[in-house]
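Only one structure is covered here, and it is reproduced in the block below.
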Amino acid sequence: MNNIWWQTKGQGNVHLVLLHGWGLNAEVWRCIDEELSSHFTLHLVDLPGFGRSRGFGALSLADMAEAVLQQAPDKAIWLGWSLGGLVASQIALTHPERVQALVTVASSPCFSARDEWPGIKPDVLAGFQQQLSDDFQRTVERFLALQTMGTETARQDARALKKTVLALPMPEVDVLNGGLEILKTVDLRQPLQNVSMPFLRLYGYLDGLVPRKVVPMLDKLWPHSESYIFAKAAHAPFISHPAEFCHLLVALKQRV
C-alpha cells in the first residue's frame, strides 16, 4: 500500500491537520509550524502524489480524501489551503464525526468560473494542463508567481513557494494534471450548506485565483460559516501574514 507522508509536532490538546495546495508539499508550512505546534498537536501532510507521498497516480477528490484519512487522528481541526481546502471540505462532508472544525484558506468550493460565479476561467486551467506536458517545471513556477502577485512582499513570497517546490522531487505530471482536473470540475457549493461543525474561511483581498467577490456570496450561501479577509494578502496569507494567521487559528481553538 502507498503511504502518505505524515509528520506530527507539538502536544496541544487539540489536533490540527494542515493540507497544502496544488504542486506543493508540507514544507510550505515551515513559516508557521513552530508557532502552531506550541498551541496544537500539529499534523503536516503531503497529499497523495505530492512531496514525499510517492507512488500515487492521479486521484479523484474522494479518493484523495480517503487516502489522507487513513493516518489521521480520530478528531481534528482540518485546515486546507487552495486545493487542500477541497480535500478538507470533502472530509467534512463524508466524515463529519472526524472534523472538530473546518478551515479553508484561499480556497473556493468551485474554483472554475461558472455562470454568475467568479473563478478561474476554464480555458486558463485547460491551458495549464496543456503546458504541463510541454514544460511542467516552468508551468508550476508560473502558477506559483500568480499566487503572490500584488502583495508588498510578492517577490520574497514567490521565492518561499519556489523553494518549497524545489526542496523535494517534483510530482508526476499525471498527479499535477489530476489536481488541476479537481480544480476544474469540482463544485461543493451546495453540499457544504449541510455541514454543522464550526467553519472558518480565510481569504486574501489581492488573491488572483480565488476572487474576493466569492466571499459575500458564500457568506449568504453558508450563513453558519465565518469569513475573514487579509487586507494585503494574495493567495498565501500564511506566508505574507504569519502572525495574524496563527492568531486566528488560536482564537478558533478557544471556541471548539
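Going from the start of the chain as shown, residues are counted 1 onward.
In case you wondered, yes, glycine gets a Cβ from its N, Cα and C as well.
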Can you pick which of His43, His224, His235 Swiss-Prot lists for the same substrate site as Trp22, Ser82, Leu83, Phe143, Leu144, Ala145, Leu146, Gln147? His235
What is the one among the binding-site residues Leu144, Leu146 whose Cβ has the most other Cβ atoms less than or equal to 10 Å away? Leu144
Cβ packing number for Trp22 (substrate binding site), 10 Å threshold: 26
Asp207 (active site) versus Trp22 (substrate binding site) - Cα distance in angstrom: 15
Looking only at C-alpha atoms, tell me how far Asp207 (active site) is from His235 (substrate binding site), rounded to the nearest Å. 5
